[in-house]
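Copied over from TrEMBL, here are the features:
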{"type": "BINDING", "residues": "Gly235, Gly236, Pro237, Gly238, Thr239, Gly240, Lys241, Thr242", "note": "ATP binding site"}
{"type": "COMPBIAS", "residues": "1-13", "note": "compositional bias 'Low complexity'"}
{"type": "DOMAIN", "residues": "214-612", "note": "domain 'UvrD-like helicase ATP-binding'"}
{"type": "REGION", "residues": "1-23", "note": "region 'Disordered'"}
Amino acid sequence: MTTHPEGSPTTSPGPSPDVDTAPEVAREVAAEQAHVDRVYEELAKASVRAGDVEAEGLARGRTDRTGDVRDEEMTGLFERDALVFAATRRRAMIDTQYEGLVFGRLDLGTEDSTAAEREVRHIGRLGVRDDDYEPLVVDWRAPAAAAFYRATPVDPMGVVRRRVLRCRGSRVVGVEDDLMVPLAPEDIVVVGDGALMAALTRSRGRQMRDIVATIQAHQDEAIRAPSRGVTEISGGPGTGKTVVALHRAAYLLYAERRRFEHGGILVIGPSAAYTAYIERVLPSLGEESVALRALGDVVDGVTATRPDTPEVAAVKGSLRIRRLLSRVAARPPVGAPDTFRAFVAGQAVRLDHDALRRVRAEVLRGHQHNLAAQAARSALSEAAWRSVGRQGDRDDFMDAFDASRDVDDFMASWWRQLDPRELLLTLTDTDHVYAVSRGVLDHEEGAAIAWSFREALETGAWSVADIALIDDLLARLGPVQDAEREETGFYDIEELDDLSAYGVTDVRAGLGRATPSTRAVITPADARGRLLAGRLERASGYAHVLVDEAQDLSPMQWRMVARRGRSASWTVVGDAAQASWSDLDEAGRAREEAFAGLERRAFHMDTNYRNAREIFDHARDVILPLVPDADIPLAVRETGVEPVDRVVEGSLMHETSDALEQVLREVDGSVAVITPRRWADRLAALDGAGDGRVQLVDPLSTKGLEWDATVVVDPDAIVEESPGGVRVLYVVLTRAAHRMHVLRPT
Ligand SMILES: Nc1ncnc2c1ncn2[C@@H]1O[C@H](COP(=O)(O)OP(=O)(O)OP(=O)(O)O)[C@@H](O)[C@H]1O
């Protein structure tokens with residue numbers, strides 16, 4: 001029996017608890033199984049009904065065209081159809097989930113109430129009713145389920161017993177009870193050691209799981225907070241910030257489905273590894289309509305995973321870079337003529353460099369470049385008319401200007417469409433960078449920026465920080481217009497309707513036209529082609545934006561995200577002590593700008609559910625001396641096993657392998673070897689060891705993730721190599737749930 005699970009006794013990791021066989025537990029499990037069986041039967045009936053309704057609906061639809069069925073009836077029919085279809089789809093999905101559809105039960109009444117007087121309410125991932133419309137399961141997000149998460153012995157909210165059902169598929173394998181009144185009524189059995197501890201002790205898989213059965217009261221408050229304005233969730237490592245925020249997204253979709261499904265919810269996390277790690281949580285809660293994006297993936301049409309060096313990332317992330325971008329965007333396109341000569345209506349027109357510069361500046365004051373070709377042409381015509389001293393008939397002159405092939409040719413290069421990425425690639429030239437960064441960057445910074453774009457050109461890959469620069473330029477220039485796209489050719493492939501008709505079997509976005517040759521495999525011709533491949537899309541707005549690891553966004557990244565949340569409400573999750581961004585003040589200001597004028601509410605999480613206490617103590621001792629104001633949570637679980645921290649005398653590979661062997665024996669699930677760049681090649685062979693259980697990971701990519709055990713290699717080098725220094729090491733040291741080894745090469 002438990003009261004509040006956070007006071008539970010020492011536990012150690014081990015295989016998932018299996019079916020409980022004690023007679024009283026078996027009786028309770030059998031009773032729950034009977035209810036769960038009924039629920040699945042009801043869902044099976046709903047599936048059949050869905051098929052019938054669909055068939056009937058289609059048949060009626062055909063009759064409708066002859067006038068037999070009114071429009072309103074059709075609308076009603078399809079709404080019903082859609083509902084049943086959604087339930088069926090969700091059931092299919094939930095069947096495959098780790099835990100079952102029904103996961104909780106409330107017995108509502110008082111200490112003295114009899115069984116007949118008490119109400120039993122089952123809680124699950126979606127609401128299910130029987131033929132008489134009586135609820136068999138209440139959706140966890142419904143107000144009627146709130147007491148499941150909020151009831152405490154101090155404020156029982158009418159709950160006598162809260163029960164968590166442990167299920168495997170549709171089979172109930174155990175129950176865990178919490179009694180909310182001092183004494184159980186005689187006919188109420190209370191079993192189990194606490195669902196939370198059972199959940200925390202289990203081994204971790206490769207992906208995050210939902211916590212719908214064990215959400216704690218303080219987490220529930222953040223999950224169900226009003227949707228308006230900005231909801232900020234802070235707390236130290238492992239306090240459930242991410243998982244709470246994801247449940248909040250599911251809650252918002254439930255509570256205001258029309259608004260959030262239609263307007264969209266965008267979830268932004270630090271890396272592709274992070275989005276892969278969390279991507280199962282929302283579908284397991286029956287929600288699939290949320291866009292998950294890594295910071296390198298926010299702009300449609302371009303993707304980046306490559307990090308910059310800390311120095312370069314600092315420059316690219318800072319708002320200073322905007323002045324440089326503004327100068328780059330205002331320059332004439334590379335190769336554009338710097339004088340204009342033409343014969344118009346029998347008069348020689350000549351505009352020199354300065355005159356053209358003035359026309360360009362004037363047009364750009366009121367327009368985005370890519371949307372201003374017409375405005376530029378007309379401003380040019382006015383300048384031309386002035387340059388001939390306004391001689392002759394103005395209308396004749398303007399008509400001739402408009403019809404002139406010379407003007408067409410000139411405009412095609414002087415005001416051609418500009419792709420933001422093309423402009424960034426002009427920054428491979430160090431002298432050009434010096435010219436556009438005067439007064440903004442010092443010499444060394446300018447050289448580093450030029451070098452970083454040359455690296456992009458060598459690797460054919462943008463860096464994560466570049467994506468915010470591309471977005472900034474896109475906002476300045478406007479989207480590339482269609483006519484130009486046809487000319488550049490990068491986009492043609494996407495526009496062909498049926499590629500197989502051309503013998504194309506494998507398309508990777510890239511250069512070149514699809515020719516009707518046989519079995520063409522289209523790949524970008526070179527690294528530059530890869531950098532320019534794909535069509536950039538203008539930022540689309542969302543109704544809600546959820547930013548995880550918010551402490552890591554650079555000011556430029558805040559601006560990029562803000563463009564997608566201009567009329568959104570926000571959930572923002574972070575922990576300053578885990579920051580890898582160097583100038584927290586500047587990022588803080590950019591963040592405030594994104595939220596300007598919005599109402600704010602804050603939630604603080606202070607219980608660490610991830611790390612065993614022994615592991616977290618070790619991490620705390622590393623961070624506190626250097627970041628005394630770090631937000632230190634309380635770790636609730638103990639294993640009795642201290643982390644290993646030792647100097648490596650012999651071969652690093654051997655000793656890392658030995659540590660791995662040990663932890664692989666001790667835990668069931670996933671293991672990470674976290675290594676700084678300098679040892680990555682040497683340890684590369686360990687990736688995938690232990691029958692695929694071992695992952696080799698760099699420190700920054702561990703953000704937001706967790707493993708059953710970690711082997712941390714060379715903590716000093718991790719501090720040296722990371723822009724956030726000891727804060728990044730703190731992240732690394734707080735990733736293990738059950739075991740950790742720290743190895744220090746000499
Ligand atoms: N109520 C809960 N029941 C079961 N597990 C929980 C609960 N709350 C949190 N957890 C688990 O604790 C672990 C840490 O959660 P999460 O990753 O959301 O923390 P975080 O605060 O975002 O961590 P970090 O800042 O270190 O990335 C996860 O395994 C999560 O499932």
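All residue numbers here begin at 1 and follow the chain in the order shown.
Placed from the backbone N, Cα and C atoms, the Cβ positions cover glycine too.
Feature annotations (TrEMBL) mapped to structure.
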| residue | record | Cβ neighbours (10 Å) |
| --- | --- | --- |
| Gly235 | ATP binding site | 22 |
| Gly236 | ATP binding site | 27 |
| Pro237 | ATP binding site | 27 |
| Gly238 | ATP binding site | 26 |
| Thr239 | ATP binding site | 25 |
| Gly240 | ATP binding site | 22 |
| Lys241 | ATP binding site | 27 |
| Thr242 | ATP binding site | 24 |
To test your reading of the ATP site: which residues beyond Gly235, Gly236, Pro237, Gly238, Thr239, Gly240, Lys241, Thr242, same chain only, put their Cβ within 8 Å of the Cβ centroid of those residues?
Asp575, Met605, Asn608, Tyr609, Arg610, Pro633
DSSP three-state assignment for Thr239 (ATP binding site):
coil
